Amino acid sequence: MKLAILTVLLLGAAVLCLGSKDADHSNSVGESHSSEAFISRQESASFARLKRSYGNNVGQGAAVGSPLESQREVCELNPDCDELADHIGFQEAYRRFYGPV
């Protein structure tokens, strides 16, 4: 028990000593650590390059993987078809609403 109390007191003293070092520093703008958080635009651009795509797929969505996927998306947009798809499956619901494909 005495060892635990002694350990806690020792750690508390260490925290007080280390904490008082930071309190001695001035918080002026020139010495502030927050000024180190900002870098110039040129420096930020040197490591944060964006991938650019020029005109190939502008305005187009991603290609649909399979015909079933496009049918599923059409069925999901119709609330009645979507509800029926929950009960009997989307292929059968799509067939009932939009006919055989």
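Any Cβ shown, glycine's included, is placed from N, Cα and C.
Residue annotated by Swiss-Prot as 4-carboxyglutamate (from the set Glu43, Glu73, Glu92): Glu73. Swiss-Prot gives the label 4-carboxyglutamate to one of Glu69, Glu83, namely Glu69. Among the candidates Glu36, Glu76, the residue that Swiss-Prot annotates as 4-carboxyglutamate is Glu76. Per Swiss-Prot, the disulphide partner of Cys81 among Cys17, Cys75 is Cys75.
With a cut-off of 8 Å between Cβ atoms, none of the residues of this chain six or more beyond the signal peptide (1-19) come close. Using a 10 Å radius centred on the Cβ of Glu76 (Ca(2+) 2 binding site) and all shown protein chains, the other Cβ atoms total 12.
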